[in-house]
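Record features, source Swiss-Prot:
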- GLY10, ALA11, GLY12, LYS13, GLY14, THR15, ARG123, THR132, TYR133, LYS200: ATP binding site (BINDING)
- 30-59: region 'NMP' (REGION)
- THR31, ARG36, GLN57, LEU58, VAL59, GLY85, PHE86, PRO87, ARG88, GLN92, ARG156, ARG167: AMP binding site (BINDING)
- 122-159: region 'LID' (REGION)
Amino acid sequence: MRIILLGAPGAGKGTQANFIMDKYGIPQISTGDMLRAAIKAGTELGKQAKAVIDAGQLVSDEIILGLIKERIAQDDCEKGFLLDGFPRTIPQADGLKEMGVEVDYVIEFDVADDVIVERMAGRRAHLPSGRTYHVVYNPPKVEGKDDVTGEDLVVRDDDKEETVRARLGVYHEQTAPLIDYYGKEAAAGKTKYLKFDGTKQVAEVSADIEKALA
């Protein structure tokens, strides 16, 4: 089962990725993790990536695609894998196709921008421990205070409205065209495209996914 997850930042991809991994026993392939592992291991591609990063540049699609090819050839990907955060652009999707990587399911989590802004704006974090809360969905016992230490909670810069809206802008510009791309692939019978309402409760979305993948 080879799956690609699509959805804006804050649409709940990470939560459902964990559910899919546990349920179907397939690894999540994160390009960030792969890059770090390749650099640490000192592989040929890792060395190339490190040189680019050290020069303050973006790692090319070619290097990322090479890393993905190496990663999915490993034993734990025999039953499939879950790609999260890749592809982000049409050229990357074309690159996967040219490499002969078949995709069984493309899963989109659909959430309106305003809902995402509200979700992110409600997040509160206790920075020393990494514990996170939400003023509506997962409030602390005492408003504005960490449950364990009683220390102040803060709004991370990443969760501030202007930052969230900027990230959503990039997503719509770069990644949203993939929705159309994979819609056409599905129409041609090359993959299955599944769209879920990301505003539902987490357990409901998980149940919907399980039913669709059965």
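Every residue, even glycine, has its Cβ placed from backbone N, Cα and C.
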Tally of DSSP helical, extended and coil residues in the region 'LID' (122-159): 3 helix, 12 strand, 23 coil
Three-class DSSP secondary structure - THR31 (AMP binding site): helix
Number of Cβ atoms other than its own within 10 Å, given for ARG88 (AMP binding site): 17
Cβ neighbours of ARG123 (ATP binding site) where a neighbour is any other Cβ within 10 Å: 20
Nonlocal neighbours by CB distance (under 8 Å) for TYR133 (ATP binding site), same chain, sequence gap 6 or more: ARG123, ARG124, ALA125, HIS126, PRO139, PRO140, ASP147, LEU153
Neighbour-count leader, CB within 10 A, binding-site residues: GLY10, GLY12, GLY14: GLY10
Pairwise Cα distance for PHE86 (AMP binding site)/GLY10 (ATP binding site) [Å, integer]: 16
Local Cβ density at PHE86 (AMP binding site) - other Cβ atoms counted within 10 Å: 22
Integer Å distance between the CA atoms belonging to GLY10 (ATP binding site) and ARG156 (AMP binding site): 14
Same-chain residues at least 6 apart in sequence whose Cβ lies under 8 Å from VAL59 (AMP binding site): LEU35, ALA49, VAL52, ILE53
Winner by Cβ contact number (other Cβ atoms within 10 Å) across the binding-site residues THR31, GLN57: THR31
Alpha-carbon spacing, THR31 (AMP binding site) to GLY10 (ATP binding site), which is rounded to whole Å: 18
Cα distance (Å, whole number) from GLN57 (AMP binding site) to GLY12 (ATP binding site): 29
